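**Q** Mind looking over this structure? Questions follow.
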Amino acid sequence: MRAEGLGGLERFCSPGKGRGLRALQPFQVGDLLFSCPAYAYVLTVNERGNHCEYCFTRKEGLSKCGRCKQAFYCNVECQKEDWPMHKLECSPMVVFGENWNPSETVRLTARILAKQKIHPERTPSEKLLAVKEFESHLDKLDNEKKDLIQSDIAALHHFYSKHLGFPDNDSLVVLFAQVNCNGFTIEDEELSHLGSAIFPDVALMNHSCCPNVIVTYKGTLAEVRAVQEIKPGEEVFTSYIDLLYPTEDRNDRLRDSYFFTCECQECTTKDKDKAKVEIRKLSDPPKAEAIRDMVRYARNVIEEFRRAKHYKSPSELLEICELSQEKMSSVFEDSNVYMLHMMYQAMGVCLYMQDWEGALQYGQKIIKPYSKHYPLYSLNVASMWLKLGRLYMGLEHKAAGEKALKKAIAIMEVAHGKDHPYISEIKQEIESH
C-alpha cells in the first residue's frame, strides 16, 4: 500500500526539529485533523474485565477467554479478531501463573513484532510515517537506559519465545528505544491509564508547550483535533508531556524522555513560570535561596512519592502528601504547581480509599489554579471538572455536580469531538440524577 497521505496535511522537514506535520488547509478549534488506528496496542493488566481487550469498550458483563480466564471480550467477534495478539500471552499466562509479569512495554513490543510478521507491508496507521522510520536516539542513551532495555529484552525472550521469533539483540535494542520515545499511553476521560499503543502518524507530530492540537482516544483509535486556529503552512504541534510545570522542569522531562530541549514561545518567554511557582506574600518575604531550596525539596518529594506509590500503604502515602504540603506552604502559595501536584496525589489516594469528601476538598482547591496554569482546552482541566462533578453527584450536591460536569463537557466537545461516547455518558449522568 502506497502512502496516500492525510487530507489537508503533509509531512515536511521542520527546521531544527527533523520531520514534522504541516497543515495545507485552515483548521478551526474543534476540527478533526485526522484519526489513526493503533498499529499495535495492549490493554493494561489492571483494566482486565473492565474493558474489552480488542476494542477497549468499557462495559459490564464482558466474556472471558475460556483458556486463560484473564482476557475479556465484548463477544466472539472481538475475541476472534484479538486472537493473533492474545495467543502470544494466552498459554504462557497459564504456564507461568503468578510468575507471568512482563512490563507493559515488553507486552507492546511483542505485539509489534507479531504485527510486523503478520503484516510486513505498510498499514493504514502509517500513511505519513512508517514504524521502521521511528527515531530511536540510540546514540543518546546512557548506561542506565541501555540496561533497562537489556532487561526488557531478557523478559521478552523469557515470556514470549514460544510464540514469537526474534531479530538479533541489536535490532531489539533499536526497537525498544523506538517504542520508548514513540509509544503512547491510552487514557480514559478521567486520565486513568488504559493501555499502551503505537500510532505512527500521530508520532510524526513535534512537541510544543503551547500545542495547537490535542490527541484523544476512541477505543483504540487516536483522534487529533485543533485546540487553536491553524492556518495553511503552519506546523501541527502536540504536547508530549504534562504542561502544568515550569519551563525548567518541562525541559528536564523532555530531555530525559525525548532527548531535546523545547524552544516554543512558552519556553522562550517563560511567561507562566512566575505564577506557577507562586511565593507566599509574607511581611518577611522568603529569600531567593530559601525559594531555591524549597523548589529542590519539591522536586525530590515528587520523585520520592512516585516511587513510594509502588510499595507504601494509602495512609502512608497520604501522610507524605500532607507533610510535604505543610512544609512547602511556608514558602509556596496554594496555587503553586508543586503544592498542586501533592494535592492531586492526595486526591488520588482519597479516591482510592473511597474517602469522597476528602477527595472533593482537594479537588475544590485544585480546579481554579489548574484552569489558570493549563492551556485553554486541557484534558487535565476537563478530567478534574469531571472528577469534581461525579464527586458532587455522589454526595448529592446535584446543582454543583451538574455545573462541574457541564464545564467538563465544554472542554471535551472541542478535545474529543461532540459525538464522543464519553460525552454521551456524562450527559446521561446529568439526566439520571
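Glycine too: its Cβ is placed from the backbone N, Cα and C atoms.
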**Q** Just to confirm what the record says: which one of Ser103, Ser283, Ser330, Ser424 has phosphoserine annotated in Swiss-Prot?
**A** Ser283
**Q** Looking at S-adenosyl-L-methionine binding as recorded in Swiss-Prot, which candidate out of His86, His137, His310 goes with Lys17, Gly18, Arg19, Asn206, His207, Tyr258, Phe259, Phe260?
**A** His137
**Q** Report, in whole Å, the straight Cα-to-Cα distance of Cys74 (Zn(2+) 1 binding site) from Tyr258 (S-adenosyl-L-methionine binding site).
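**A** Each residue's Cα considered, Tyr258 (S-adenosyl-L-methionine binding site) and Cys74 (Zn(2+) 1 binding site) end up 37 Å apart.
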**Q** Given the recorded Zn(2+) 2 site (Cys65, Cys68, His86, Cys90), which additional residues of the same chain have their Cβ within 8 Å of the Cβ centre, ordered by sequence?
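**A** Not counting the recorded site residues, we get Arg67, Gln70, Ala71, Lys87, Glu89, Ser91, Met93.
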**Q** Calculate the distance in Å between the alpha carbons (Cα) of Cys90 (Zn(2+) 2 binding site) and Cys74 (Zn(2+) 1 binding site), and round it to a whole number.
**A** 17
**Q** May I have the DSSP-based helix, strand and coil counts for the residues of the zinc finger (52-90)?
**A** 12 helix, 5 strand, 22 coil
